[in-house]
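Feature annotations, courtesy of TrEMBL:
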- 39-59: transmembrane segment (TRANSMEM)
- 83-104: transmembrane segment (TRANSMEM)
- 116-133: transmembrane segment (TRANSMEM)
- 139-160: transmembrane segment (TRANSMEM)
- 172-193: transmembrane segment (TRANSMEM)
- 213-233: transmembrane segment (TRANSMEM)
- 262-285: transmembrane segment (TRANSMEM)
- 342-362: transmembrane segment (TRANSMEM)
Amino acid sequence: MNDVTKETEEVKQPQPQKSVREPLFHVVKRDALPVWKALLIRLGAILIGTVACSILFAITMKENPFDFFVSIFEGCFKTERRIWILLRDTSLLLLVSMALVPAFRMKFWNLGGNGQILMGCLATTACMFYLGGKWPDGVVIPLMIVSGILAGMVWALIPAIFKAFFKTNESLFTLMMNYLASGIVVGVLKVWVKSGSGTLPPIGDANLPEIGNQYLLTILVAVLITALMYVYLRFSKQGYEISVVGESENTARYIGINVRKVVIRTLAISGAICGLTGLLLSGAINHNITSTMDDNMGFTAIMAAWLGKFNPLVIVATSFFINFIDKGVGQVNTDFGLTNSAFSEVAIGIIYFFIIGCEFFIQYKIRRNAGKSGGDKSSGKVRFSLKKLFFRRREEKGGEE
């Protein structure tokens, strides 16, 4: 009996597992694609998205879909003034993107670009409002420049200090600072504008000087800041520290980097560039301030920076494309008498959907499973061993009889 028990234990195997059906397709991480191939995928996504919008246009408007493309290009390039406005607005978005790039590379999610721009606008307009026409422009304009940049810097330093010393959530903190900045602007306008309209007339004194025309100054500043940011991030020691802190704060501390100092310094740069953008908006373009003057550029710049992979040179192209699509689709509304912006918003959303979706295919690939699913192959061996044991026990019983 003991021999039989031992033999039973020897052939004991795990219970056969149930058959598991493997999925037909697997999502697999792709090796890094060549630059030209990734570029082709993105261009293809833009083309598909634009064609989809033209089809939607033809269905809803009962118009020739080619008129959609014509209207887009005319909205950006039909006149010299439209070209200059496109370049100016691209430059403004590019400036805000350059402000966010160092913070995002450091994994500091600065969502407060709008508030930092507004504070730069407010400080600039305050100098124009109180000192313009009373002091010489040679004194007021430098004060405008310094105050606009410092205002944006201080507004960014507040969440940076709390993050560095108290580990607060920078996303929520910077986001709330946007609402606070907007409220401050509304409150100040109630003091400045006694009529109750809430709109400050353009201030004619102490405006930033024009270079060639009213658009070129903004473009030149954006080109200069972009070049400096590229060199700063690529070749400077501080740019290297930003990259290390972004990869791992523990590694940064291990090699002797002062993480708190890097966080505060980087956000000071980020806020200063946003303040510079506010300076240009109030001092060179609009000559006043409203609570919506930022035009949500802080959020649009996040998309421009992300699509550009936080590379300052690539962000030039993404900023141009975003403004091109925005102004082109807006012209479609004007040309075909659309009374609201619903179509333009849907069209822009479709194009962005394809652009963002193509990033999935750049990073991953879908692979079809070659083999068929099946159960545990060891289950057949278990059945064979049990059958062998059964016949052996029958033979032993027959011998005893």
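Cβ coordinates come from backbone N, Cα and C, glycine included.
If you look at the transmembrane segment (172-193), the same-chain residues 6 or more away from its ends with a CB under 8 A from one of its CBs are 109-112, 114-116, 118-119, 121-122, 126, 129, 155-156, 158-159, 162-163, 199-200, 289-291, 298. With Cβ pairs under 8 Å as the measure, the transmembrane segment (83-104) is packed most heavily against 213-233, out of 139-160, 213-233, 262-285. Counting same-chain residues at least six beyond the ends of the transmembrane segment (139-160), those with a Cβ under 8 angstroms from any Cβ of the stretch are 108, 110, 112, 115-117, 119-124, 126-128, 131-132, 168, 170, 173-174, 177, 181, 205-206, 208-209, 263-264, 266-268, 270-279, 282-283.
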